[in-house]
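What TrEMBL says about this one:
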type: DOMAIN; residues: 1-329; note: domain 'Major facilitator superfamily (MFS) profile'
type: SIGNAL; residues: 1-18; note: signal peptide
type: TRANSMEM; residues: 91-110; note: transmembrane segment
type: TRANSMEM; residues: 156-181; note: transmembrane segment
type: TRANSMEM; residues: 193-213; note: transmembrane segment
type: TRANSMEM; residues: 233-251; note: transmembrane segment
type: TRANSMEM; residues: 258-278; note: transmembrane segment
type: TRANSMEM; residues: 284-303; note: transmembrane segment
Amino acid sequence: MISVLLLSTASVLMPLCAEQLGPVAVMMLRFLMGVGEGMMIPGINGMITSWIPLHEKSTAASVFTSGNQLAGIIGNPVAAEFCASDLRWPAVFYCSGILGFLWCAVWHFTVNNSPANSKWISDHEVVYLQHHLPEKQVKRQKKVIPWRSMATSAPLLVVLYSSIVGNMMIAMILVYIPVYFKDVLMLEVKQNGFYTALPHTFNLISKLVWGFSMDYLKQKKVLTATQTVKLSQVLSMLILSICFFILAFGVDCSTHGLALLLLSTIGAAFGLSISGFLTSLLSLAPNFIGVVSSISQIIGILCRFGGRVATPQIITYFKTIVSLITLMI
């Protein structure tokens, strides 16, 4: 809740600081938003390990990350409308902040850290969850964080590498896909908002359907948990590489339909990876999920920052945004 409070407060103050106090104040607010975002994921992951059994983690990861896509589906067109209206860009920040404050109020009165403390579920549900979450029952004793084992754990290192790749690609896509629509496909602002929202739509649909399917296969013992995450991650990266290749060398301003199809497929492929590396992260070390999530989040933030810094340099050096897409391949 503290995380969302920080983000909401910074969002509401952003227009005032931008217009009255200048770039230094805006940078400070952006830093505050970064602190809030950094606190969010470890907290969410901790909630999942306390509430969600192993055979339901793919679905849970898909559901809790669906807010990113809903924000893109709704936020991009709405933001474009605000920017094109008399309300202008400040309305985007005010609306985001107000929604965040409302969410905090709902969260405060409805959410508990563990099933045993919740008044919203039955005793039968509490017993079921306690039976399927044995790792979380030993709580009181002090735990020694196995730093050396973490540093030499091949599964954890692979998951962190996947997080690096995913976060760098997300940073590049979030910043430069709208630029791609504008400069390469020559779309107007309102069209840009609509086109940018479609990949988020396919991402949302694919990860929910795929996550449910993977958990179903685990419950029926068709695939093991390890096999489902490997299949999801490999398939996701393979589809992404093929689509980026075609997008870089087979699309121009006369092929809007193909570009939209490819970007929608890219969004869907990203959805598969939620049942891949993210589900692995939630399953590797339940008792140390806060530490593992924090490490992954720090790496992710550094990679997003690096991606945003490196992307303009890549485009400037090679003189075309196609070079950026080639790098993503």
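Including glycine, each Cβ sits where the backbone N, Cα and C put it.
Note: TrEMBL annotation is automatic and uncurated.
When Cβ-Cβ distances under 8 Å to the transmembrane segment (193-213) are tallied for each of 91-110, 233-251, 258-278, the top count falls to 258-278.
Long-range neighbours of the transmembrane segment (258-278) within the same chain, counting only residues 6 or more positions beyond its ends whose Cβ lies under 8 Å from a Cβ of the stretch, are 58, 61-62, 65, 69, 158-159, 162-163, 166, 170, 173, 177, 184-185, 195, 198-208, 210-211, 214, 228-230, 232-237, 239-240, 243-244, 246-247, 250-251.
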